[in-house]
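Notes for the one structure printed next.
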Amino acid sequence: MSQTLRDQLFLWMKTYVYRYSEAPFRLASGLESHHYFNCKEITLHPERLAVLAECFVEEIIPKLGIEFQAVGGLTLGADPLAYSIALSYQRKGKLVYPLVVRKEAKGHGTGQQIEGFWREIKSCLVVDDVITTGGSTLKAVQALREAGISVTKGICILNQEEGGAENLEKSGIQMESIFRKSEFF
């Protein structure tokens, strides 16, 4: 991995994202932890997001050795990742569609669970900001597969090392992360 991009991201992760508290944080998975990573400090900041997308496109995704037509995952954590990765590919002359997957189909309008040009898509790279148990990512994978989209690989910023990557592997998803929780303490 390009040490320049990864080193810059690591510095931002330590400075803006990682928090420790004696009182435990409740995670999206329902688990509690004294260590908390708010990756939105990266994904909702334009400069940091641009570096993150470049790291994914140049260093992480090529390791997976797959072709895909779309990138997406469960809203909200995956949304900026999907958009920025799709834009990075577009600047390189490659069309990759971003997809947004809701936790459940919306109760109004078209009632869709997946937004984007999903009807034309055969394969998707699933994305998430943080993997703990893998539950959120599995919800996205299930919705994408039910829509007839092949999903076999995924990427995330941080693997919390709480069994999420292993749970995803059981569902046929190989996850690749930029960082592991143990790198921060």
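Residue numbers in this text run from 1 along the chain shown.
Yeah, the Cβs are placed from backbone N, Cα and C, and that goes for glycine too.
Quantities reported herein were computed from a predicted structural model and do not represent experimental measurements.
TrEMBL has this to say about the protein:
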- 64-165: domain 'Phosphoribosyltransferase' (DOMAIN)
- Arg102, Lys103, Lys106, His108, Asp128, Asp129, Val130, Ile131, Thr132, Thr133, Gly134, Gly135, Ser136: 5-phospho-alpha-D-ribose 1-diphosphate binding site (BINDING)
- Thr132: orotate binding site (BINDING)
> For Ser136 (5-phospho-alpha-D-ribose 1-diphosphate binding site), what is the secondary structure by DSSP, using just helix, strand and coil?
Replying inline: helix
> Per-residue pLDDT averaged over the domain 'Phosphoribosyltransferase' (64-165) comes to what?
Replying inline: 96
> Taking Arg102, Lys103, Lys106, His108, Asp128, Asp129, Val130, Ile131, Thr132, Thr133, Gly134, Gly135, Ser136 as the record's 5-phospho-alpha-D-ribose 1-diphosphate-binding set, what's the max Cα pairwise distance in Å, rounded to a whole number?
Replying inline: 31
> What count of other C-beta atoms do you get within 10 angstroms of the C-beta of Lys106 (5-phospho-alpha-D-ribose 1-diphosphate binding site), across all chains shown?
Replying inline: 12
>> Given a 10 Å Cβ-Cβ cut-off, pick out the one of the binding-site residues Arg102, Val130 that has the most other Cβ atoms nearby.
In response: Val130
